[in-house]
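In what follows, a single structure is set out as structure tokens and then discussed.
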Amino acid sequence: MDKINIEMEQIKKAESVENDEQKWVCDSSVDHKGRVPLRGSTGVWKASLFIIVIEFSERLSYFGLATSLIIYLTKVIHQDLKTAAKSVNYWSGVTTLMPLLGGFLADAYLGRFSTVLVSTTVYLLGLLLLTMSRVVPSLKPCDSDLCQEPRKVHEAIFFLAIYLISIGTGGHKPSLESFGADQFDDDHPAEKKKKMSFFNWWNFGLCCGLLLGVTLIVYVQDRVSWAMADLILTLVMASSLVIFIVGRPFYRYRKATGSPLTPMLQVLVAAIRKRNLHLPSNPTHLHEIPKSETSQRRLLCHTKKLKFLDKAAILDDKQDSIEQQQNPWKLATVTKVEELKLVINTIPIWLTTIPFGICVAQAATFFIKQGVTLNRKIVHNFEIPPASIFALAAVGMIISVTTYEKILVPVLRRATGNERGISILQRIGIGMIFSVSTMIIAALVERKRLNIVHKNPLEGSASMSVFWLAPQFLIIGIGDGFTLVGLQEYFYDQVPDSMRSLGIALYLSVIGAANFISSLLITIVDHITEKGGKSWFGKDLNSSRLDYFYWLLATITAVNLCVYVFVARNYSYKNVHGRTTIAVADCDDREAVA
């Protein structure tokens, strides 16, 4: 009888624990008052919708500026095509590399919410300065609508403003996206499933901002004035900041945990110190975090790769055990060792996705400039602005993300048994195939345009419809829906929990590095081809050979795709123990949480 009573008490206790887990969020997050969050009133879609609104506003501003930047630089600043393309690539590169600093500060010191507030304020300051450079008489390019040479003060203020926007984006992008993903509990089955959809709908909102940016904002720039467009962007950004602050009671917050890089350095130092020790045959003999500390931290499984680092978790019998455990520079836990392995494992993926980013960089530079030379009239002499053709990339991404989320994922889940439908790296690889196709089609279209120019030099390619560019924009947009969304998931999910903002920054840095490499590639190709007789990059498109450049990018991306497939097939995904699991066991190399 006593045994039955004890069992009943244990069952009731287990049910009570389960009910508490359903009521409270126990993933180390807190509410706006620093308490354990209530599941029913915080997080999930009720919180993430506020976050998606400010992302919509930021993307509206960014693409409203970015897609027309090359036109402004050539028409108002009067830079030549090659210099303007490099200027755009440099700015895009800085904008997408700055998140490495912003993500680090968010994870280590400021927290994601505070970083978003500060960076959005800086972003808003950049927009205000940009508006002033086009409104204040002494800061305007010149006194008339058409000027042969802009004032130097305008150039200085203009570039200061757009680089302030770069700095704002540096804190905004990694912090906001990871803050949005933090609203879903990884250890709650229903919320985990919703989190997989979050990145898709996040990008849907992003694409809506992009779509309005390259249509409505670009139209205002082209037909009304640059100043009016800047004023609209400033007001929208200010309004979204207010909305973001209003959502404060609904958010779940993660406290900054200090530098995520220090524990990795400690693991490396400890492993070097113990390089002469022999690894135990059984991984359970390696040191792991004490049970009392696991309630707010997820433990990682031991993996067999990069075994040298495992030596950091060996307890040295010749030294005092307590002293070792108190000194992280002498002894690391298995989880900390595995976190360093995770970061090292991301390096080959990061490198092999850069050629995709180089292809994406062409859409905001040469693709847009091609649109300037083509017939953009639709009906009744209505002419679309050159940058608005970029809207087709957003349409392609929306189609891709929506089809993937609503059709492909349910079908693939049943076919593969994988919660995601296909793995993250498979999704990224599919998008890279689309990037190769984009460059091939872009080369063929540009060749056709040049043929028309050669047949009729006076009229040029004005008889050719701008919608000849539609396939390359649509296909690169579809590729973005696979690769860019996949990269967001990958770098959020496959880095240590303590550096998720930095993880999103790593995804953005792929595009940033690609922009710089694109500029470098233009310089190298220009130098080599000029020695051969005629540069592929002339003063304008008609004297250039962009088709050759596109073929070169298609070849580089295709070769890189083969390397990527090899890297992806040998990749080991992050594998997490439950919070209450203490034993250190080997994980197999199959996909775990991806």
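The backbone N, Cα and C atoms fix where each Cβ goes, glycine too.
Per TrEMBL, the features are:
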TRANSMEM  60-78  transmembrane segment
TRANSMEM  116-136  transmembrane segment
TRANSMEM  201-220  transmembrane segment
TRANSMEM  226-246  transmembrane segment
TRANSMEM  349-368  transmembrane segment
TRANSMEM  388-412  transmembrane segment
TRANSMEM  424-445  transmembrane segment
TRANSMEM  465-492  transmembrane segment
TRANSMEM  504-528  transmembrane segment
TRANSMEM  548-567  transmembrane segment
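Panel annotation: around the transmembrane segment (388-412), residues 63, 67, 197, 200-201, 203-204, 207-208, 210-211, 214-215, 218-219, 363-364, 367-368, 371, 376, 418, 420-422, 427, 466, 469-470, 473-482, 484-485 of the same chain, lying at least six beyond its termini, place a Cβ under 8 Å from a Cβ of the stretch. Panel annotation: around the transmembrane segment (60-78), residues 84-85, 87-88, 91-92, 95, 123, 127, 130, 141, 147-150, 155, 158, 162, 165, 169, 209-210, 212-214, 217-218, 221-222, 226, 229, 233, 236-237, 364-365, 368-369, 372, 385-387, 390 of the same chain, lying at least six beyond its termini, place a Cβ under 8 Å from a Cβ of the stretch. Touching of the transmembrane segment (424-445) and the transmembrane segment (504-528) is ruled out by the presence of fewer than three CB pairs under 8 A, sequence neighbours closer than 6 excluded. The stretches the transmembrane segment (548-567) and the transmembrane segment (201-220) do not meet in space: the count of Cβ pairs below 8 angstroms, excluding pairs fewer than 6 apart in sequence, stays at fewer than three. When Cβ-Cβ distances below 8 Å are used as the criterion, the transmembrane segment (116-136) is approached by residues 54, 58, 61, 65, 102, 110, 154, 157-158, 160-165, 167-172, 175-176, 179, 225-227, 230-231, 233-234, 237-238, 241, 244-245 of the same chain, each at least six residues removed from its ends. Long-range contacts of the transmembrane segment (349-368) within the same chain: residues 66-71, 84-85, 88-89, 92, 386-387, 389-390, 393, 425, 428, 431-432, 435, 438-439, 442, 469, 472-473, 476, 479-480, 483-484, 487, 490, 506, 509-511, 513-515, 517-518, 521, 546, 549-550, 553, 556-557, 560, 563-564, 567-568, 571, each at least 6 residues beyond the stretch ends and with a Cβ under 8 Å from a Cβ of the stretch.
Long-range contacts of the transmembrane segment (504-528) within its own chain (CB-CB distance under 8 A, at least 6 residues past either end) are made by residues 82, 85-86, 89-90, 92-104, 173-175, 177-178, 346, 350, 353-358, 360-362, 365, 484, 487-488, 490-492, 495, 535-537, 549, 552. Sequence-distant contacts of the transmembrane segment (201-220) (same chain, six or more residues past either end, CB-CB distance under 8 Å): 48, 52-53, 55-64, 67-68, 177, 180, 228-229, 232-233, 384-385, 387-391, 393-395, 397-398, 401-402, 405, 481, 484-485, 488.
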